[in-house]
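Enquirer: Got these off TrEMBL a minute ago, pasting:
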DOMAIN    1-126  domain 'EamA'
DOMAIN    139-274  domain 'EamA'
TRANSMEM  20-39  transmembrane segment
TRANSMEM  60-79  transmembrane segment
TRANSMEM  85-103  transmembrane segment
TRANSMEM  110-127  transmembrane segment
TRANSMEM  139-156  transmembrane segment
TRANSMEM  168-190  transmembrane segment
TRANSMEM  202-221  transmembrane segment
TRANSMEM  233-251  transmembrane segment
TRANSMEM  257-274  transmembrane segment
Amino acid sequence: MIWGINLPVMKVGLEHINVYAFNAIRLFISAGVLVAIAYRDRPWKVFQLPAKTKWNIFQYAVIASGLYQVLFLLGIAYASSANAALIMSTVPMWTALLALVFLKERLSRLAWGGLFIALAGTLIVTGQNGISGDSDDSLGNLIMLVAALVWATGTVKSRQLLGEVSPLTLSAVSSVSMLPLHFVIAAPYLAGEMTGLTNPQVWVPVIYSGVFSTGVALVMWNYGVREAGAAHAAIYQNLVPVIAMTSAFIVRGESVTSVQIVGGVLIIGGLVVMRKARARNLAVVRSRLECTTPAYVNVAAQIKCPAEKVDSR
């Protein structure tokens, strides 16, 4: 819910303050929240890691906490809340494609089918002119699509790091390290925009985005994945576009078009198919491991493993 509501709330704030100033202030707040949350993980220990790992962390930070955050805010500023949410929901699809190219991960036929369904929905949503017919909406759609690709790139990059640092530490360190960049970008606008922070339509979105959307929601997501499993947590992630559309209608009066509905159904449907394919592949791999692991041989050979799969070493 927090992530879905975040999009229209941020659009309200961006109507009253410069986008770069908004970005710098909210990221300063979110960095503080993430550092506080990650304190138990002792994020300062990253300085003791090998130089290659620190270089990879810096690369991830530039991608996920630098470039992505700028593109994300610009996309929200121009695109409708519904389009922004739908396009960002395609990140798992782009992650799968990038993992296929760079990590040599394979996709099953079912996963490919889901990917093409989601891609069709993405093209429908991105290709439309938005709810107002304004060219700004098309520009916002394209910027948000690039943002989704950049975030997917960061996700693939993070897989090289999560064996050495925790997700919270990685998020905290990358956020703090990119703060100077965002303040340099915002420097020409900050002085003139600080007085605007007294406006509730500015400081409420800034605090909501900085504290809740980045900090609290991230902790809740990690807790949900740990307690319910990634597959169950991902199901609720599919509700983000629906919540974004509903809250955008309530907060900003944004109507939902038939094109958005069709594109949204295809995107979410395709992602569900891809996740089912992934779950099926994981089940097959787990079954094969059980059938070829010595600890399982005696029982497995008699109960659930085909004879040719039993490793009798």
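Glycine is no exception: its Cβ is also placed from the backbone N, Cα and C atoms.
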Enquirer: Out of 60-79, 85-103, 139-156, 257-274, what stretch is closest in contact terms to the transmembrane segment (168-190), meaning most Cβ pairs under 8 angstroms?
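Expert: Highest pair count goes to 60-79.
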Enquirer: Between the stretches 60-79, 85-103, 110-127, 139-156, 202-221, which one has more Cβ pairs under 8 Å with the transmembrane segment (20-39) than any other?
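Expert: Ranked by Cβ pairs under 8 Å, first place goes to 202-221.
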Enquirer: Residue list, the transmembrane segment (202-221) vs rest of chain: Cβ under 8 Å, 6 or more residues beyond ends.
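Expert: The answer is 2-3, 5-6, 9-10, 12-14, 16-17, 22, 25-30, 33-34, 36-37, 168, 171, 175, 196, 233.
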Enquirer: Verify whether three or more Cβ pairs under 8 angstroms connect the transmembrane segment (85-103) with the transmembrane segment (257-274), leaving out any pair fewer than 6 apart in sequence.
Expert: yes
Enquirer: Can you find at least 3 Cβ pairs under 8 Å between the transmembrane segment (60-79) and the transmembrane segment (110-127), where each pair is 6 or more residues apart in sequence?
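Expert: Contact criterion not met.
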Enquirer: Summarise the model confidence on the domain 'EamA' (139-274) as a single mean pLDDT, whole number.
Expert: 82
Enquirer: What is the number of residues in the domain 'EamA' (139-274) that are helix, strand and coil, as DSSP sees it?
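Expert: For the domain 'EamA' (139-274), the helix, strand and coil counts are 119 helix, 0 strand, 17 coil.
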